[in-house]
Amino acid sequence: MKPTTISLLQKCKQEKKRFATITAYDYSFAKLFADEGINVMLVGDSLGMTIQGHDSTLPVTVEDIAYHTRAVRRGAPNCLLLSDLPFMAYATPEQACENAAIVMRAGANMVKIEGGAWLVDTVKMLTERAVPVCGHLGLTPQSVNIFGGYKIQGRGDAGQMLLDDALALEAAGAQLLVLECVPVELAKRVTEALSIPVIGIGAGNVTDGQILVMHDAFGITGGHIPKFAKNFLAEAGDMRAAVRQYMAEVESGVYPGEEHSFH
């Protein structure tokens with residue numbers, strides 16, 4: 001199997017073929033996902049909550065991300081692997097470059113950073129130094145204390161601001177964008193306005209791809225279950241079948257449905 005590259009996702013967008021991605025944090029699950037056909041994975045700072053048991057992503061460190069990136073890379077050597085730069089790991093462009101080097105050496109193909117137009121210089125510096133960047137707009141969990149909780153973003157006038165941010169990130173060199181917890185109508189506008197692939201989570205079925213935290217996809221999330229989550233394991237019966245069902249429902253547009261979407 002050839003390594004998956006960003007060009008595959010560009011082709012999917014051009015051909016209007018939806019694609020499924022998922023978070024992964026260790027060797028065994030990464031191998032399972034790869035074996036069942038998921039070729040894009042994210043080592044997310046969500047590990048702070050799902051793996052480490054914190055109530056937010058803020059305690060996660062760059063070394064935490066690098067550790068899990070190494071494990072996932074061993075399990076899925078040919079996947080396109082995105083890794084988050086965690087809270088305060090990219091406060092300046094120079095700091096972003098230093099920390100991106102750590103996770104890239106650990107096996108990442110691309111780094112994901114949260115924020116809008118204020119990141120333009122950072123995105124430029126990273127891409128000029130051969131570090132591919134995935135942006136992240138909407139509900140950005142590292143900003144939970146600014147937002148006052150995990151709330152829907154991009155309603156009303158904020159929608160145009162988010163679209164402007166997305167265009168600015170693309171112009172700066174970002175090659176992917178994650179949209180989290182935004183109205184379907186806004187997600188559609190952003191996806192159509194950008195030439196780069198847009199991956200949604202809580203953004204309806206109008207984006208180019210979808211991502212889920214693996215614990216949500218398997219129904220093993222403790223505490224609050226997000227509206228956009230679906231327990232594929234409950235219907236499928238085993239983990240491999242659940243992964244295949246998740247992929248099939250994303251690719252056909254069945255998931256996410258109206259019950260998983262915001263307006």
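Cβ coordinates are placed from backbone N, Cα and C, and glycine is handled just like the others.
Here the structure is a predicted model, which means the values were calculated and not measured.
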Just to be sure I read the record right: ASP84, GLU114 are listed as binding Mg(2+) in Swiss-Prot. Which of ASP35, ASP45, ASP157 is listed for the same site? ASP45
Extra residues within 8 Å (Cβ to Cβ centroid of ASP45, ASP84, GLU114), Mg(2+): GLY44, SER46, THR57, VAL60, LEU85, PRO86, PHE87, LYS112, ILE113, HIS136, THR140, PRO141, GLN142
Within 10 angstroms of the C-beta of ASP84 (Mg(2+) binding site), the count of other C-beta atoms across all shown chains comes to 31
C-alpha spacing of GLU180 (active site, proton acceptor) relative to SER46 (3-methyl-2-oxobutanoate binding site), in angstrom: 13
Inter-residue Cα distance where the pair is ASP45 (Mg(2+) binding site) and LYS112 (3-methyl-2-oxobutanoate binding site), in Å: 10
To the nearest whole angstrom, what is the C-alpha distance linking GLU114 (Mg(2+) binding site) and GLU180 (active site, proton acceptor)? 11
Taking only same-chain residues 6+ apart in sequence, whose CB is under 8 Å from that of ASP45 (Mg(2+) binding site), what do you get? THR57, VAL60, ASP64, ILE65, ASP84, PRO86, PHE87, PRO141, GLN142
